[in-house]
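Now, the feature entries from TrEMBL:
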TRANSMEM  A:31-50  transmembrane segment
TRANSMEM  A:62-82  transmembrane segment
TRANSMEM  A:102-121  transmembrane segment
TRANSMEM  A:127-146  transmembrane segment
TRANSMEM  A:153-174  transmembrane segment
TRANSMEM  A:201-217  transmembrane segment
TRANSMEM  A:244-277  transmembrane segment
TRANSMEM  A:283-303  transmembrane segment
TRANSMEM  A:310-334  transmembrane segment
Amino acid sequence: MSVLESRRRSRITGPATYGKDRPRFTPTMRLILLSVVLAIAIACFLLLFVRGSFAFAFPRRLNMLGAMAVAAFTHGLGTVVFHTVTNNRILTPSIIGFDSLYVLMQTLTVFVFGGTAIANTEGIPKLLAQTALMVALATILYRWMFSGKLGSLFLMLLVGVVIGLAFDSISTFLQRLLSPTEYDLLSVKLFGRLSAVKGDYLPLAFAVCVFAGVILWKRRHHLDALLLGREAAMGIGVSYKRELTIMLVLIALLVAFSTALVGPMTFFGFIVATLAYQLAGSYRHIFVLPMAFLLGMLTLVLGQFVMQHIFYAGGFLTVIIEFVGGILFIGMILRKGTL
Amino acid sequence: MKNAVLLPIVVVIVLVLAVASLFVGGFDISVETLLNDAEARDMFLISRVPRTLALIFAAMAMSVSGVIMQMITQNKFVEPTTAGTAQWAGLGVLFALIILPAADPMTKMVVATGFALFGTIIFIAVLRRLSVRSSLIVPLVGIMLGAVVSAVTTFLAGTFDLLQSMSAWRSGGFSSVVRGFYEPLWAVLIIAVLAFALANRFTVAGLGKDLATNVGLRYEQVVFIGVAMVAVATGVTTVVVGFIPFLGLIVPNLVSMMLGDDVHKNLPWVALVGAGLLLACDLIGRVVVAPMEIPASVILGVVGAIVFIALIVRQRRHVSA
């Protein structure tokens, strides 16, 4: 392998990625720049193209903006931290069965209590119960991973994915037994939906985000250390197992809550994190994490704006994001040749 | 246990299951009514015989496909559903439904097979570019690829208002299999015979590209033929009965645990055990909630997931990611 080749490789596969070459903008400047762009995008989203009553449209848009902030925060930060602790940049936390468990829960609700139940049981208790169930599934998986002598991350992921496949196969069967009306009521729940999030839930959602944000802020240096890999991190005095456990439970909480609130979005976090590594100009979490959040917001706000006012298909945003994310995922595997 | 003892036992069990599959069901059929009652005889020939044959053929298709794919990819956890082949075939079916709503099953099969072939080639291409090919990463990549394809399928189905008919078809099952509908599955027999004829080549291909080329195997050609056979088997099975998850995974692994990795020796066993397992799942699904039924694929999805996890936990002692 030539020197050039090996340098290229180390840049592609190494854990730390610094932009293209030496950064022209410092990471802080990049964050500020992106914030300005985001502010403009938010202003456009909130204020432009209001048909009819402004007093009617504005609170609804503000509500949706809140939902976008929650989705961007949970998926963006959750995925970056997940990549750090699992030492890969391909997988996203929602693949370990969160989405499938969510779909199964919704399908079971409609199957057992009928189509109207899904609207009638709406409320904070249901949201919390769903989150609790998903976090419980993840925690059982994580505990099991740490139990054996040769506990392996990939083993855990694979087990999670396979459990998800089993859930899917039950959901698909139950969906087949529903009447078309019931199925229509259910199908709304099976995609990510930003516009349907109720304003009442947002304070709780922000509280969850702030809680997670504070923990991540306090542990940002530990996260940086984890990037060095298990041995090196332990060598400089980080309690590897402890950090891993805290982070995995936190990720489970973030992604589970977001899935219960907004609906499943498997590849959104993947897009956001991948872009954040490219654009942050630094590998340190103090820059990458806010970058992921800002990029997530920008993707959603700009995407919604364009979809709604240019293509008149605002409801399809999350589906388009999943589609693009999926293609990006295949491209990344082909390019990097590793997980 | 010696093979000489084991073989007759397995054959008898599968035969018993096949006979049970012929005689269990909502319409009461016994040997006596079969001889005397024309209506029972008709029912038997129109519904029961095709269903049992479809079960046997579909089981053979999926388990033989599993063996071939595991040899080609040198990975014990690859089979049509964990490599995305089945999901691509599903996308093909949807594509046919959208573009040619009036297409006959034969056209749908050709389209599904084309998509399955394309998807499997992508999977193989991705595998070749992977620098780390540990036993756990390969299926993870395949399952993720399948998830992307499923997402596309769901999106398209949602756009064209075909979501529920897709979920009906995905968990298909064998309840709707009647005479005049299952016949394309006979093609699976050709695939099985071909697989048996080429078995030694697949065994050699399973040693890896370098070694296989060294001993004089046209490696690329064998891989392509294998992929094409899997695509045809999966495409046909998907159109007639929907997804049958994990069968191609459980059966070859069980057989190779008992007998080793000689494909030529294993194939008849794989076909036999596969048929037995699917017949058993179908019978369970028909009996526990009679007169309703749970599709065999749902039972396999759940049982298969448990067996899959047991298999990787077993491997965990020998291989770490």
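Including glycine, each Cβ sits where the backbone N, Cα and C put it.
Counted over residue pairs 6 or more apart, the CB atoms of the transmembrane segment (A:283-303) and the transmembrane segment (A:31-50) come under 8 Å in at least three pairs, which marks the two as touching. As a quick check, the transmembrane segment (A:127-146) and the transmembrane segment (A:244-277) clear the bar of 3 or more Cβ pairs under 8 A, pairs 6 or more apart, so the two touch.
Within the same chain, the transmembrane segment (A:244-277) packs against the transmembrane segment (A:102-121): three or more Cβ pairs sit under 8 Å, each pair at least 6 residues apart. Just going by CB pairs under 8 A, the stretch in A:62-82, A:102-121, A:153-174, A:201-217 that sits most against the transmembrane segment (A:31-50) is A:62-82.
By the Cβ criterion (distance under 8 Å, sequence gap of 6 or more), the transmembrane segment (A:153-174) is not counted as touching the transmembrane segment (A:201-217), fewer than 3 such pairs being found.
If you look at the transmembrane segment (A:102-121), the same-chain residues 6 or more away from its ends with a CB under 8 A from one of its CBs are 130, 133-134, 167-168, 170-171, 174-175, 177-179, 181-186, 189-190, 259-260, 263-264.
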